[in-house]
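The structure appears below as structure tokens.
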Amino acid sequence: AGGPYYPVKKGRWDGKTSSAWRVESNLPPANSTVDQLLSLFVSKGLSLHDLVALSGAHSIGFAHCKHFLSRLYSYDRRGGPDPAIDLRLLKALKLSCPPLGGNSDVVAPLDVNTPFLLDNVYYANLEARMGVLGTDQALFADVRTRPVAQAMAANRSLFFERFAASMDRMGSIGVKRGRKHGERRKDCSLH
């Protein structure tokens, strides 16, 4: 997808069970504030820089309308849109995602300019108010995260370097120690 190459550590001990219900509390809702995002990331041993760098993964991928519908129609008490969203993007998203009765299978690209490339254009989109998810656009609205996002928008190599380092740190979250707590898998799909 055009992103950086980076080494992935092998031999990680993983848990012997996997439960979908455990995932929900580890993924932030699409309308989280930067404070909520930072709280979750810090609880995992990650930093503000990791938050901004790993959010760059949204340079590829798509979101279902339900994850950003409130930004389009009911952001304020009067039922208006999020004022932080570009009007052209707002119009395009409203065409695909009506307020009621829309097709639940419809998706929108998280990066409206280069949706199939892992690149730093995602950050330039935030500067242009083209973030689809509230969590993404919040990175540019917050004074703590904006300078980091601006630096990555201006420097692809910096983004790749920080993304790779943050992926490495994220890969060390929750590593099990020893057979009592986990196992090493030769085939990740088999326990």
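Any Cβ shown, glycine's included, is placed from N, Cα and C.
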Pick from CYS97, CYS188: which one does TrEMBL say forms the disulfide with CYS65?
CYS97
HIS58 (heme b binding site) versus recorded positions CYS97, ASP111, THR114, ASP119 - nearest by Cα:
ASP111
Take the Cβ of CYS97 (disulfide bond) and count every other Cβ within 10 Å, whichever protein chain it belongs to.
21
Among CYS97, ASP111, ASP119, which are recorded as recorded positions, the nearest neighbour of PRO28 (substrate binding site) by Cα:
ASP111
What same-chain residues, at least 6 away in sequence, bring their CB to under 8 Å of the CB of CYS65 (disulfide bond)?
LEU93, SER96, CYS97, GLY102, SER104, VAL106, VAL107, ALA108
Under a criterion of Cβ-Cβ distance under 8 Å and sequence separation of at least 6, what residues of the same chain contact THR114 (Ca(2+) binding site)?
SER59, VAL121, TYR122
Around ASP111 (Ca(2+) binding site), how many other CB atoms lie within 10 A of its CB?
26
